[in-house]
């Protein structure tokens, strides 16, 4: 144990900050006109040793024909990356096929490890380690950023976050590996094929969060196929035959439960294989936008901003909540305007029956679908501003409040008109028409706004850049400068939030009113097939490469999908209960009809929850592997406790009256022995 600690400390101590084979991994862009003293101080902190509070990374300026710009390339030595992998808690596969947290001292026990194998860590993992080290650069005794007295610092403050908020640091982004990207693009979307996505390759290049999204998108698409296959013959027969739709709706409700539970198992398999299922959750630092009066964190003991939770709650309940309610009211007001347009189109069709009047029947729904998308996007910006203004300390808290605001509004904005048509107007024909129009129009708009338009704009910019750079290209180094200059102008990928939101709304269209429009699953499958290719194109060609973010599941979106499936049970049961055929079964008492529908709905919910309980979230083999690792961890802790007890007993034996007379307390003597690594102590511990 002591030898391993000694080896670790020596590795950090002798780690060199200069490496002949410099491999640029991350780009740092500073604002134009940044003062020299600021640049010198920041770069020195990046290359300085860990013992001095630095990141101990490699950095060099990007040199072009115009000279040195305010763009810097960051890399790290192989040894530094291995030590960083231990610091962030990466989990890798061992030679015995088990997954364990990587430690530098036990590096020889990991599969594919060799001192000269620089591919042991993926490029995405290396960039994640560098990002982690840069974000953990903290102020020591500095009171301000050198050259910018208005940018205050205090001990423990993240330097990178302060540089970003003060405008000195423009952006930090990871570089693409053009050769690997070319291979991935070819196997991913380069050719149209029927098959699975290369999820392991996506994970190695973009990280677990993005790979898990594409895994869920692929799984959800395959899960929709049975619904689509069954829905086609239902669509071919008479719409008003509700007896058939009872079976279809029941199948839909069971299907929605099974696919979500099976996804948990698939997610566990993927994340175990990738190592993120075992990663320990790190202590969350304050988010970059968090501000407040300087105080002491009672947990860490460090100085950091402190903000009253009462003030935050007042902002949430007195400002944010009324604003959200006002937006919901406005959404309902727009919905009523839509119904006025529907009535106008219907009256026009009755007066002028023609092909044109038939087309006019769809115009209000198309306009309303476009308005819904516009309102969703505007509200998203407002929700982000409000959530940021609420001043949440943690990023997880910020994300939870933002997701709640956005989901509530999007759910009402997209589905309120359908609920109104179904349960107020009782117009099943209009419900089918509106559902089909909203679904198809939203899919077309999303494909255009999220993929086609950004791709066209980026391709246009790349052509201009290549023309300008080709005339100046003189040596091989300029290709790197060209790559950096092209990538820094690319759009920034803002995460998987919008992608999951799109799938969530699609799941609502398919499941909420399945007994009315069974063809919804067919359109969802067709959309998702194109979505896979367009999103892949977007990740590889349109946006800057995002930093990898380890994750063990799809987070709060799993709960959102499960909530939607519960709501779908209620809506489908009520829709079936409203049908003339079911209503005719209870001619004497409507109360019997209500009670019967309520009983069936509760029965289906009970079946749903029983199935969710019976189907394990993790496969049996993974449960056994996790239990084995937990047992081994407990045994290791016991051994450490025994060693520590022996260590303290030996120290007490060496703590003689001489040390007492010199005024040396036992605590100081213990620290002295640990620092000096007394030979007698080490021999005792090794025994």
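Just so it is clear, glycine is given a Cβ too, placed from its N, Cα and C backbone atoms.
Note that TrEMBL annotation is computational and uncurated.
Quantities reported herein were computed from a predicted structural model and do not represent experimental measurements.
Among the ranges 156-176, 177-197, 198-218, 219-239, the one that TrEMBL lists as transmembrane segment is 219-239. The stretch with the most CB contacts under 8 Å to the transmembrane segment (219-239), chosen from 245-263, 316-339, 359-379, 402-423, 503-526, is 503-526.
Of the candidate ranges 316-339, 359-379, 402-423, 402-423 contributes the most Cβ pairs within a distance under 8 Å of the transmembrane segment (503-526).
Contact between the transmembrane segment (402-423) and the transmembrane segment (245-263) is absent: fewer than three CB pairs lie under 8 Å, with pairs separated by 6 or more positions in sequence. Proximity of distant same-chain residues to the transmembrane segment (359-379), defined by a Cβ-Cβ separation under 8 Å and at least 6 residues beyond the stretch ends, is recorded for 327, 331, 334-335, 338, 341-342, 344-346, 348-349, 406, 409-410, 413-414, 417, 433-434, 437-438, 441-442, 445-446, 449.
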